[in-house]
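Take a look at the structure below.
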Amino acid sequence: MSKEIAKKRIEELRDLLNTFNYQYHVLDNPSVSDAEYDRNMQELIKLEAENPEFMSEDSPSVRVGGTILDIFEKVTHKSPMLSLGNAFNEGDLRDFDRRVRQGIDDANVRYICELKIDGLAVSLHYEKGRFIQGATRGDGVTGEDITQNLKTIKAIPLRLNEEVTLEARGEAYMPKRSFVKLNEEKEQNGEDVFANPRNAAAGSIRQLDPKIAAKRNLSMFVYGLANVEEKTIPSHSESLDFLGELGFKTNPNRRTCETIEEVIAYVEEWQEKRPHLDYEIDGIVIKVDDVALQESLGTTAKSPRWAIAYKFPAEEVVTRLTGIELSVGRTGVVTPTAELEPVRVAGTIVRRASLHNEDLIREKDIRIGDYVVVKKAGDIIPEVVNVIFDKRTGEEEEYRMPTHCPACESELVRLEEEVALRCINPTCPAQIREGLIHFVSRNAMNIDGLGERVITQLFDADYIRTFADLYALTKEQLLQLERFGEKSATNLIQAIENSKENSLERLLFGLGIRHVGAKAARTFAEHFETMDELVKATEEELKAINEIGEKMAQSVVTYFDNEDVLELLQQFKEYGVNMTYKGIKIADLQNVESYFAGKTVVLTGKLEVMGRSEAKKKIEALGGKVTGSVSKSTDLVVAGESAGSKLAQAEKHNVEVWNEERFLQELNK
């Protein structure tokens, strides 16, 4: 076959396969058999392999998955992916309607209602009609680049029907039938199953190997336009129509409503129809349809005033409580958990539910053998709502919390002003294991590849008992563990080695000193600069530090007044673990050339590692100016958790937005 004929045939096959994909995955109206589709796809793959010069990034063949990725790159959203406020009953919906009408002084507002798909929110970027990048929502400001995995979802067009530049937002999901099939395969292979379709979709999208994502049969509904160049669309409903015309899959069950009564009727209708859909929904999204009215209403500190998410009531089911199991956390708190006869709740099989503490068991008079009502708080965490007393037979057993720790048999105590029982034995194996899990966690030593499962394996093999033991691990020991090969063992040893270079605040937080969180650990590290200086500090010296109270100061002094702790610190030194502060002190910032010099910065939301007051001081010390509102003169917005209206203002004025992680990276350069 000549090159000219091959090129023509490749183009014919691409057009044909794109049409087949659109008919099947967007219109739900397939025109050919699977066998015919596969024959055409294999012919295309073969021709492209023989003629690589004709390969295209938007060829249908990329949907089978490509090269394995090393890591997901971070992506800062051009416009933040904000969350919505919630409504839980009819009264909440009527309150929303009242607020909207008061805000726009218009009794003729029209709403658009859409099914709230229970999946993974993503953004899709197109330039001149070609799909160039897709990203997860992340924290709303920064997500992860998952372009290659999204290309495997056939409901996402790789090329639009117009050469338009835009950003669309949507929800990637796994159909129920695909979820059932996937879990059956995992069970047959002896693998852990996914709890629900949402987790399955998220887990598939975040696979580093796109070929795995390609096999998972994901789909996607696009629910909105974040922006589009050279086009003004007056309403949300018209933007959805426009997206459909471009080739996107939009949900056909949307409806415009002229009154709140029509909205409520729509909610009630889909609450009944919900089980019959082939995908999970967890509520209804209600939006003011008119875009000009949306802009007039604006946003609150947390969410848009012009939209709300109605959450379906948590599904409640009845099952029997067969026992109560106890777990011991890293601080020694003993928590009771109900063991249940397996029951399906909100799409997953539930076998355990939280009981929180002894007082709750007494308050609800929960006994072993009781029939209880179980629901998922927020459709996520199973909990016991109440006992069905009419079903009692008299054979149920009252439960009494033990007097001794279930893990080490030490006597349990209830500290002053605390509800929980606590084990105070420092050598309790359960506390040690949970402490190790905390030590390697993201905000502490951040050792990649060392999570709860691996820590448990290492602990059970008696390879680790203290934090310092982690730094004595060998590749040979790891190779003795299940699921470890040469590459994974080498990578983990390297990750542990890399953690030795962490700044002091990470080590301090990882030690798990009572009352000392990530922010306080950073405060101590910056103030004392070395572990040795902190160890020598008195309670009075600690209390003299801004925002350090008496309880925390006492806790720190008590922690370091322990020979075992001092021995641990000595071992860290011998293994080469850094115990000095590597960040920048405010006093040192005056002479530093910085990005922030001459910049106007706005801080919004909750900053986890560094408080806003401390961040303000450091920016100002670097020559920057911190203001309370966003304007055209603002250079940067630093957004923490629960950032709200200032993000919308940043988008309006085209101001760059950073999350806390990006801010700290720049600050510590």
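In case you wondered, yes, glycine gets a Cβ from its N, Cα and C as well.
In Swiss-Prot this protein carries:
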type     : residues                                                                                : note
BINDING  : ASP34, ALA35, GLU36, TYR37, ASP38, SER83, LEU84, GLU114, ARG137, GLU171, LYS287, LYS311 : NAD(+) binding site
ACT_SITE : LYS116                                                                                  : active site, N6-AMP-lysine intermediate
BINDING  : CYS405, CYS408, CYS423, CYS428                                                          : Zn(2+) binding site
DOMAIN   : 591-669                                                                                 : domain 'BRCT'
Please tell me which one of the recorded positions listed here (LYS116, CYS405, CYS408, CYS428) sits closest to LEU84 (NAD(+) binding site), measuring Cα to Cα?
LYS116
Looking at the domain 'BRCT' (591-669) alone, can you tell me the average pLDDT?
82
Distance [Cα-Cα, Å, rounded] between CYS428 (Zn(2+) binding site) and ARG137 (NAD(+) binding site):
40
Restricting the comparison to the recorded positions LYS116, CYS405, CYS408, CYS423, which residue's C-alpha is spatially nearest the C-alpha of LYS287 (NAD(+) binding site)?
LYS116
Rounded distance in angstrom between the Cα atoms of ASP38 (NAD(+) binding site) and CYS423 (Zn(2+) binding site):
61
Starting from the Cβ of GLU36 (NAD(+) binding site), draw a 10 Å sphere and report how many other Cβ atoms land inside it.
12
How would DSSP class ARG137 (NAD(+) binding site) in three states?
coil
What's the CA-CA gap between CYS408 (Zn(2+) binding site) and ARG137 (NAD(+) binding site) in angstrom, rounded?
43
For the domain 'BRCT' (591-669), the number of residues DSSP places in helix, strand and coil:
27 helix, 18 strand, 34 coil
Restricting the comparison to the recorded positions GLU36, LYS116, ARG137, which residue's C-alpha is spatially nearest the C-alpha of CYS423 (Zn(2+) binding site)?
ARG137
For CYS428 (Zn(2+) binding site), just count the other CB atoms lying within 10 A of its CB, please.
21
Looking at the binding-site residues ARG137, LYS287, which sits with the largest number of other Cβ atoms within 10 Å of its Cβ?
LYS287
Using Cα positions only, nearest of the binding-site residues to LYS116 (active site, N6-AMP-lysine intermediate) (GLU36, ARG137, CYS405):
ARG137
According to DSSP, which kind of secondary structure is CYS423 (Zn(2+) binding site) found in, if we only use helix, strand and coil?
strand
Inter-residue Cα distance where the pair is CYS405 (Zn(2+) binding site) and GLU36 (NAD(+) binding site), in Å:
64
